[in-house]
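Visitor: If you scroll down you'll find the structure; I have some questions about it.
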Amino acid sequence: MAAAAPATAAVRRMKLGSQGLEVSAQGLGCMGMSAFYGPPKPEPDMVALIHHAVAAGVTLLDTSDIYGPHTNELLLGKALQGGVRDKVELATKFGIAFEDGKRDVRGDPAYVRAACEGSLRRLGVDSIDLYYQHRVDKKVPIEVTIGELKKLVEEGKIKYIGLSEASASTIRRAHAVHPITAVQLEWSLWSRDVEEDIIPTCRELGIGIVAYSPLGRGFFSAGAKLVESLSDQDFRKHIPRFQQENLEKNAEIFERVNAMAARKGCTPSQLALAWVHHQGSDVCPIPGTTKIENLNQNIGALSVKLTPEEMAELESYASTDDVRGDRYPQAMANTTWQNSETPPLSSWKAQ
């Protein structure tokens with residue numbers, strides 16, 4: 001494996017969307033520090049990592065109330081003390097609830113407000129910079145959910161509104177109620193189905209694009225070896241792409257990316273991340289990590305330059321036909337953007 005491109009480049013700033021929010025061109029996804037990717041990591045180490053990121057210029061911090069649940073927001077609350085809050089753009093999310101041991105998606109006004117109050121309390125802040133609906137509630141017209149978020153903006157509790165895993169039509173309906181600043185979606189070398197409809201819709205409406213899992217949930221850092229190292233508590237063990245019947249074919253994609261990275265003098269993860277950065281000045285990837293060394297490597301991806309020919313070559317390695325398996329287990333796939341249409345506003349009876 002090639003040496004990493006150094007993290008010498010300053011992390012540039014970018015406008016996210018067209019409503020006035022400015023962020024670092026690369027953010028930090030904080031989920032894996034507390035949840036889903038194995039046991040929670042030691043809190044002092046994670047606070048140090050967040051502080052290192054902010055000092056390096058990675059100031060968009062991304063969390064959600066479902067990470068833990070709640071523990072990731074509490075971690076960020078500790079990391080933001082001592083003047084750090086003023087140096088960051090803080091993004092969190094609502095909408096996935098665990099009730100009676102079952103996962104539910106909620107976007108009704110009372111829930112939206114209660115969730116926001118809970119996040120403000122855990123984060124120890126009086127305002128959230130970017131507040132996303134994490135998953136779309138298919139029982140509630142999107143106009144109703146956004147209407148409550150609009151009130152929270154007017155009250156100063158949140159500054160900007162975002163959506164995650166929303167279809168193009170849902171984005172349009174939401175944006176008509178209150179301008180949407182950002183849409184968060186999975187976008188990487190091997191997750192490109194958003195390019196057909198959602199990305200053009202965001203660009204037409206002046207909505208910023210936040211790419212989560214830009215490294216394929218770590219796959220583009222280590223390939224098949226990543227899967228061997230996962231603990232039993234790691235939800236990636238259940239992702240179809242990481243199952244044995246799909247892994248052999250998917251590993252070939254990684255090996256091709258790895259070989260190209262060696263030629264470019266960077267790591268495969270830097271190459272995969274650079275590909276996302278090259279999608280446009282309106283795109284902000286938010287790779288997650290729990291190690292300072294990997295964070296520095298991710299920042300180094302900002303200095304990896306790709307020609308149009310190299311972009312096309314990379315894309316040829318991971319065409320839709322080459323990628324085996326879905327990006328989510330079946331139980332979670334029913335809340336992705338492909339399943340995010342909501343009832344018409346005319347059907348809503350206020351509770």
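Glycine is treated like the rest: Cβ placed from N, Cα and C.
OK, Swiss-Prot features for this one:
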ACT_SITE  TYR67  active site, proton donor
BINDING   HIS134  substrate binding site
BINDING   SER213, PRO214, LEU215, GLY216, ARG217, GLY218, PHE219, PHE220, SER221, ALA222, GLY223  NADP(+) binding site
REGION    317-351  region 'Disordered'
COMPBIAS  332-351  compositional bias 'Polar residues'
Visitor: Determine which residues of the chain contact the compositional bias 'Polar residues' (332-351) at the Cβ level, with the cut-off under 8 Å and only residues 6 or more beyond its ends counted.
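Guide: Non-local partners: 96, 105, 107-110, 135-144, 165-167, 169-170, 173, 185, 194, 198, 326.
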Visitor: If you take the centroid of the Cβ atoms of SER213, PRO214, LEU215, GLY216, ARG217, GLY218, PHE219, PHE220, SER221, ALA222, GLY223, the listed NADP(+) site, which other residues of that chain have their Cβ within 8 Å of it?
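Guide: Residues close to the NADP(+) site, other than SER213, PRO214, LEU215, GLY216, ARG217, GLY218, PHE219, PHE220, SER221, ALA222, GLY223: SER188, LEU226, SER269, ALA272.
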Visitor: Please report how many Å separate the Cα atom of SER213 (NADP(+) binding site) from that of the residue listed as 'substrate binding site', as a whole number.
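Guide: On Cα coordinates alone, these residues lie 15 Å apart.
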Visitor: Run through the compositional bias 'Polar residues' (332-351) and tell me, per DSSP, how many residues are helix, strand and coil.
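Guide: The breakdown for the compositional bias 'Polar residues' (332-351) reads 8 helix, 0 strand, 12 coil.
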Visitor: Fill in the CA-CA distance, GLY223 (NADP(+) binding site) to TYR67 (active site, proton donor), as an integer in Å.
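Guide: Rounded to the nearest whole number, the Cα-Cα distance is 25 Å.
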Visitor: Between TYR67 (active site, proton donor) and HIS134 (substrate binding site), how many Å separate their Cα atoms?
Guide: 11
Visitor: Including all protein chains shown, what's the count of other C-beta atoms within 10 A of the C-beta of the residue listed as 'active site, proton donor'?
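Guide: For the residue listed as 'active site, proton donor', the 10 Å Cβ neighbour count is 26.
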Visitor: Could you check which of the binding-site residues LEU215, ARG217, PHE219, SER221 is the closest Cα neighbour of HIS134 (substrate binding site)?
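Guide: Nearest in space to HIS134 (substrate binding site), counting only the binding-site residues, is ARG217.
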